[in-house]
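If you look up TrEMBL, you'll see 28-49, 69-90, 99-115, 156-179, 191-212, 237-259, 280-304 marked as transmembrane segment.
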Amino acid sequence: MTTSSVTTDGDTMKQLWVGAKESPPIVWLARLGAVFVVFQLYVYLRWIFSDSFAPTPAGPDPIPGSSMFWIRFWEIGCVLLGIGLIWWIVRKMRAEREIPPIGIFVVAWLLAAWQDPGVNATRPVFAYNSGFFNRGTWGEFIPGWVSKGAENPQPLIYFLASYIVLTPLAIMGIDKLIGRLRTAAPRLNRAGVLATMVLLFTVLDIVLEQYFHRVGLWTYLRVDGSWSIFSGHLYQFPLYEGVFFGGIVSTLSIAIYCFRDKDGRMITDAGIEKLRNKRMVPLVRILALTGVFNVIMMVFMLGFNLVNQHADTQPAQDIPSYLHHDMCGLGPNPPCPPLP
């Protein structure tokens, strides 16, 4: 009886190992994506049921009326556009009887957005205007986050709507642009397209960031002055963010969508034809892309925090309370604690 039990257990482990080896790439990526989804749910729930789930006050400095106008403009505008985009995706899904690639991209990108506060993981370098609708931040509940007192609030309405709206609109625009480029220049290969995208997104990121900084929606509180523009001003901007996030992260993410095959499959869909449960295909596709997006974002955040250890240039003028949020090391605020 003992021998039979051992044999059965051994056969079971062998079957599991063979099954794991035979899993197509999309399944392995989906497993990784599922881990990230469970992890962020854990972080979100800790935040929601904590005392930190409350609005961050603006402080004694009044928020300019012009900044509040643009805050509400973008909050309302992104929500309306988001509703319109979701409606369009649902109509397309009903017509095609499957989730379109853009729908998969939107959900997967949103499931990587939990890493957004990560730029301040080790020291505060970035701040949103507290005039945005917010409930603090979940950043401090991410395991490994360096505790340093007050934190930068996340603009919930704008944050969610922008991930649902701005990125998909950019994707569809770039997709059409790539089609026109290849029509106009048939000899342009993928390397040329990628180089063009990196340059384009880097420039767009720098230009758009300057607009948002100058109307008071957010600011970089600390930058490495050697690699930044307008150093010492509230609208200072680190060029390394424009290159690595605006250029490289955006290009890597969007290229996955733009370089689909003739059946509309992305590189993360490799091995999809081996899936037996067809009802699970949409979920598996979303989770696979979620895994890839999270890895891309994590690599960027790790590198950005490393560079931020040398970010010591602050605005020469006083930073308003609705931007510094009593975060450490800024103006009259207490210095930041040493890193562990």
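Heads up, residue numbers simply count up from 1 along the chain you see.
Backbone N, Cα and C atoms are what each Cβ position is placed from, and that goes for glycine too.
Remember, TrEMBL labels are computer predictions, not curated facts.
Tertiary proximity for the transmembrane segment (99-115) is limited to same-chain residues at least six positions away from its ends with a CB under 8 Å from its CB atoms, namely 33, 36-37, 40, 43-44, 85, 89, 92-93, 138, 159-160, 163-164, 167-168, 171-172, 253, 256-257, 260, 264, 266, 282, 285-287, 289-290, 292-294, 296-298, 301. Listed by sequence, the residues of this chain that lie at least six past the ends of the transmembrane segment (156-179) yet keep a Cβ under 8 A from its Cβ atoms are 71, 74-75, 78-79, 81-82, 85-86, 102, 105-106, 109-110, 113, 116, 132-135, 193, 197, 200, 250, 253-254, 257-258. Within the same chain, the transmembrane segment (28-49) packs against the transmembrane segment (280-304): three or more Cβ pairs sit under 8 Å, each pair at least 6 residues apart. Residues 99-100, 102-103, 106, 129, 131-133, 155, 157-158, 160-162, 164-166, 168-169, 215-217 of the same chain, all 6+ positions outside the transmembrane segment (69-90), place their C-beta atoms under 8 angstroms from a C-beta of that stretch.
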